[in-house]
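Notes follow the structure.
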Amino acid sequence: MGCFNRASKTLKSSKYVSLLYPSSKVAQFSSVFRANPVCSRLRLPYFGWSTHSFCSHSRQYSKETTSVDLTQYPPENIRNFSIIAHVDHGKSTLADRLLELTGTIKRGHGQPQYLDKLQVERERGITVKAQTATMFHSHNFHGTDTSFLLNLIDTPGHVDFSYEVSRSLAACQGALLVVDAAQGVQAQTVANFYLAFESNLSIIPVINKIDQPTADPDRIKAQLKSMFDLDPSDALLTSAKTGQGLEQVLPAVIERIPRPPGKSCSPLRMLLLDSYYDEYKGVICHVAVVDGALHKGDKILSAATGQAYDVLDVGFMHPELMPTGVLLTGQVGYVVSGMRSTKEARVGDTLYHSRSTVEPLPGFKPVKHMVFSGLYPADGSDFEALNHAIERLTCNDASVSVSKESSTALGMGFRCGFLGLLHMDVFHQRLEQEYDAHVISTVPTVPYIFEYSDGSKLQVQNPAALPSNPKQRVTACWEPTVTATIIIPSEYVGPVITLCSERRGEQLEYSFIDSQRAFMKYRLPLREIVVDFYNELKSITSGYASFDYEDADYQASDLVKLDILLNGQPVDAMATIIHKLKAQRVGRELVEKLKKFIDRSAADSKLVPIVTFASRLLKYYEFMILCRQMFEITVQAAIGSKIIARETISAMRKNVLAKCYGGDVSRKRKLLEKQKEGKKRMKRVGSVDIPQEAFHELLKVS
């Protein structure tokens, strides 16, 4: 390597560079760059020739020597905005068109939904990770042609990521509220509007997809007026697909959205928006500079963790990483600081210079997990592979909590905490798509709080961890609730009210958006919506319902632990916490479904005896239940020591009387008694277990 270092040092001298790159060629390329209006803003020191051209860091291209003079863009010439919308209302398509209009990306180049990097985001039409993109646009502002720096912050739209959305909106001064011209205002439109409204953002309504045959912009304007009190004349009519009306969007952003309010002379304060892990650079943080300025080489501190970091690289997204060496007040970009894990980069954290003392930016909260589920490998031998996949995935998703646990039914696995149901589904899908992991997930549960007679309190995330017969009497229970927003066609009001009442819902608000659609708000226990509430809501409304929810407080409830017993032995992975009024019905359904599944698989399965050796070298048979056993099995549902439901799976038996052609009845009775004694002996030494395939099928039907 020494010879390569000496060679690179030698090649640094100007005479060798002139030999490699004749001055005529350099002048030719320079003229091309100056002619390009986008590249004319770029300062090319030394025309971009650097020692990186002769080393192994060629993956970083010549962009590292390319910079933009950010001092040309004071806070007066900066606009930070976001796009908020319901699912599939055209948010990502509109972002693509804005990037093309400003020359940030070339039209027709790259993939659609450019800012959605993950496969699951493009498939589902949602945004999971916040992204930022910096655009340059010239506009005739107050009679002068001025160049503006526009920062688009693409935020997640689902309520599971509402805290991340609120932190991203805190870095903005305005938002584009996109509404489908045919579908109108939906549940997430309402939720996102109020998030932006509470953040004091300037809201620009954009009615998208006006090229559709069923588009009715006038009806949508009336909805925006009645729901949000937005002036119909302020709405922009666009079609991101065809490009119609898009020329109004950027001028509206510049004229209606105020400048960033930060102070350039104040000490540095940065808001951390999101982060992801890069194999070469480590953790890359998306930040917004609220006050002061950040330079490469500065030493910064985290207000949340107190750890110090050196700024190794700083720049903005255009739309890929573009180093600039500095970020000034009001600007949004990225920072590479040597963080080893995204768990150190906490969303909403305040970063500041180590030599200064500042007041942290308001609104920071620790991660709050609302849904918990067990993850187990479909094949027990794949535990290490699943462990590696989860470790890799959590590098880019620090909001997931992971702890190892063991189940007698499913073996070694993990207990994971998620922000919500969509977050859990996305995590499972990414495990399968990106790491080819095959997992079994238990029924999702929520965190409960139990208070005992001695005054102690216990928070339970895994029902199996709650004692079935505690020494202390339970005096009070609390469960988390949500405030649900439901928008439906008016003819489905009756069935939806019935569904919410069955799920122990409390109606908070009921009104009509227009003559065709109703708006309902309910307070529901989170436990009641984690399994199949949304599917059932879509079913009874023929797919027209729009549903969204946000976290509410804990409420007192009468909760019990429901155990499933096989031959008197509890199956820990099937334990659940449920309301006392529903316990008997749910317990009966579970044992009936388990019995039906075992009976259904009886014809295709065989008894497998497994020879094991005990610690005292005693030989016995342990029988695995792939279907019905050679002995009778009882399936029971119990609350504590009280059995509330039972099903009996009859034994598979050999016809021992087949060889008897007649004779005395006492001989037949003797053979039957001998068989009966043998089955009793089997039941004493036999062990009953549920295979993973049967457990997986049972979870799907329950």
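Note: Cβ is positioned from N, Cα and C throughout, glycine not excepted.
Pulled from TrEMBL, these are the features on record:
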- 76-261: domain 'Tr-type G' (DOMAIN)
- 85-92, 154-158, 208-211: GTP binding site (BINDING)
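Sequence-distant neighbours of T155 (GTP binding site) (same chain, 6+ apart, CB under 8 A from its CB) are S82, I83, I84, T127, A130, F161, E164, V165, S168, L169. Of all the binding-site residues listed here (K91, H158), it is H158 whose C-beta has the fewest other C-beta atoms within 10 angstroms.
Looking at A85, I210, the binding-site residues in this record, the fewest other C-beta atoms within 10 angstroms of the C-beta turn up around I210. Around D88 (GTP binding site), taking its Cβ as the centre, 14 other Cβ atoms fall within 10 Å, counting all chains.
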